[in-house]
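Novice: Quick one: the structure is below, and I'll ask about it shortly.
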């Protein structure tokens with residue numbers, strides 16, 4: 001069959017757009033690495049940087065062998081059963097560029113979970129949970145939501161409750177999954193040594209480098225323009241009901257809603273934390289900005305810009321409130337990943353069920369086709385179908401990840417390969433596990449400078 005010149009050019013531009021979006025999402029790995037490194041103590045900087053690399057390389061192999069097949073092998077509503085090791089790719093449905101884009105999403109999930117269990121986890125445990133989370137747990141959820149045969153997918157032939165759940169770029173599929181996995185890992189491991197005193201009061205353990213945190217935040221912001229607008233997959237798709245609009249319009253609007261939600265959450269966190277703690281805190285603001293991005297990721301393509309401001313405003317208070325609750329419950333998450341990605345991700349799904357606009361839903365899922373009607377936001381007059389589907393998504397993700405990652409972390413704990421010893425934790429993971437500090441000029445005289453010094457102190 002001969003392909004026209006116009007079709008060839010359109011397909012080429014769409015492929016370039018998707019690949020460029022994949023590269024942007026991959027840049028987020030650098031953002032996560034910088035954010036994580038700056039948020040932990042200096043004695044654990046090399047460890048957290050290495051775990052970010054491991055999340056990428058182990059996740060790549062796992063997603064190639066199993067993950068993509070489980071996610072997009074469109075055979076039944078619950079799990080994919082073909083495309084293992086990219087067999088039969090490219091196909092009529094997917095090509096290599098689509099795999100690369102989805103791979104960039106998959107490796108981000110393990111990075112979220114790594115932050116929750118930072119500064120106290122054995123390196124071998126990272127290898128195990130990263131492979132399992134990227135290759136099995138996350139892809140199953142992605143299949144439910146993003147495969148055309150998924151039981152919760154709005155693109156299914158017979159959508160759940162006539163609607164399906166809208167999770168356009170992954171507030172639930174990516175962020176809630178990573179956050180719930182981190183919750184179980186952190187709960188089973190327990191808090192870091194010295195994080196709470198004998199009376200249960202929190203002892204501050206601030207990250208060692210605010211510069212890296214801010215740099216990481218801006219890199220994540222940059223990458224989010226691939227994460228959210230890139231989820232359209234194709235940019236050259238015109239809407240038949242208009243003369244001058246198409247996916248390029250939705251892409252631009254999605255970039256705007258993403259920016260407004262993150263910015264609003266950052267501003268609210270800045271003043272909210274100022275009222276609570278009495279000073280302006282750059283690290284809190286950075287987490288607030290990211291919390292806004294996480295929340296808008298679900299509905300970024302289907303809400304008006306003004307609604308994105310509402311999303312960011314509430315996301316900031318969700319994060320602030322969950323952080324207060326976490327301290328009172330003596331829950332220790334060094335990166336606030338559970339509260340940020342889990343809490344704000346859940347809010348983002350509910351937000352979409354409240355504020356999604358019908359025209360934008362049709363544009364995002366039916367390419368703006370005329371005569372198509374879809375359930376939309378409850379507060380926009382769209383009834384209960386969409387919001388009910390969104391609630392179901394929250395519940396099933398929490399249940400699925402708890403049923404898989406909870407037992408895995410508990411098994412690692414019982415096998416004594418989850419948490420490092422107290423001596424190793426006090427010395428720092430860089431010196432106890434990685435041969436030396438990340439910074440050659442480490443000035444803490446109470447700690448050994450080289451691995452040989454550490455072993456000598458231990459009497460080995």
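Just so it is clear, glycine is given a Cβ too, placed from its N, Cα and C backbone atoms.
Remember, TrEMBL labels are computer predictions, not curated facts.
Since this is a predicted model, take the numbers as computed values, not measurements.
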Novice: I'm validating the feature mapping. Which of 262-283, 284-305, 306-327, 328-349 is tagged transmembrane segment in TrEMBL?
Specialist: 306-327
Novice: Write down the single range among 74-96, 166-188 that appears in TrEMBL as transmembrane segment.
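Specialist: Comparing 74-96, 166-188 with TrEMBL, transmembrane segment matches 166-188.
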Novice: Select from 125-146, 235-256 the stretch of residues annotated by TrEMBL as transmembrane segment.
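Specialist: Among 125-146, 235-256, the range TrEMBL annotates as transmembrane segment is 125-146.
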Novice: Ranges 209-227, 361-379: which does TrEMBL label transmembrane segment?
Specialist: 209-227
Novice: With a cut-off of 8 Å between Cβ atoms, can you find at least three pairs linking the transmembrane segment (387-413) to the transmembrane segment (125-146)? Only pairs 6 or more residues apart in sequence count.
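Specialist: They are in contact.
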Novice: If you average pLDDT over the domain 'Ammonium transporter AmtB-like' (18-439), what do you get?
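Specialist: Average per-residue pLDDT within the domain 'Ammonium transporter AmtB-like' (18-439): 94.
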